[in-house]
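Student: Sharing the feature lines straight out of Swiss-Prot:
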- Thr10, Lys42, Leu74, Arg88: substrate binding site (BINDING)
- Thr10, Phe11, His18, Gly89, Leu90, Arg91, Glu99, Phe124, Ser125, Cys126, Ile127, Ser128, Ser129, Thr130: ATP binding site (BINDING)
- His18: site 'Transition state stabilizer' (SITE)
Amino acid sequence: MNKIAIYPGTFDPITNGHVDLVERALNIFDEIVVAVSTAYGKNTLFDIRIREQMIKEVFKDNQRVKVVSFQGLLVDTAVKHNACAIVRGLRAVSDFDYEFQMSSMNNKLNSDIQTIFLTPSEKFSCISSTLVRAVAIHNYKRVDEFVPECVFREIKLKYSKE
């Protein structure tokens, strides 16, 4: 039986740090389901269809990565995709409080699904979607080293029109 993990996020946009985390999680699990959240209540740079499409493009050559969008409870989506674990990244101690609360709630909702925390590779520890968006607003050309090429193309399209 395959060990499947789900990696949820808004991914607005997906960064090289996210990609690194998926690739490293594949050393532990047979399959990773990248679950793109509808980001209820958030103003996003890209709508969910574009975010999902970019992530599919990033992992198009990896049969062990599946990309889905979801709304509602993460644990329900995990069950739907036969995931035994939720993968989350922890960049800094400041991430821990929120992630610990989410992990605890998910465990209360479904104790069969474990949360696995991975720290980023050092070169990606300061990259976040929020920071990529903040830099892109001022100079989109400066974010090319932080995101996959297909994501940079979308950022360029969005900001070169403004």
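In case you wondered, yes, glycine gets a Cβ from its N, Cα and C as well.
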Student: For Glu99 (ATP binding site) and Leu74 (substrate binding site), determine the Cα separation and express it in whole Å.
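Tutor: Approximately 13 Å lies between the Cα of Glu99 (ATP binding site) and that of Leu74 (substrate binding site).
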Student: In whole Å, how far does the CA atom of Ser129 (ATP binding site) lie from that of Thr10 (substrate binding site)?
Tutor: 9
Student: Taking just the CA atoms, what is the gap between His18 (ATP binding site) and Thr10 (substrate binding site) in Å?
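Tutor: Rounded to a whole number, the Cα-Cα distance is 11 Å.
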Student: What does the structure give for the C-alpha distance between Arg88 (substrate binding site) and Ser125 (ATP binding site)? Integer Å is fine.
Tutor: 14
Student: What count of other C-beta atoms do you get within 10 angstroms of the C-beta of Arg88 (substrate binding site), across all chains shown?
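Tutor: Looking across every protein chain shown, the total is 20.
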Student: Of the binding-site residues Thr10, Lys42, Leu74, which sits closest to Ser125 (ATP binding site) by Cα distance?
Tutor: Thr10
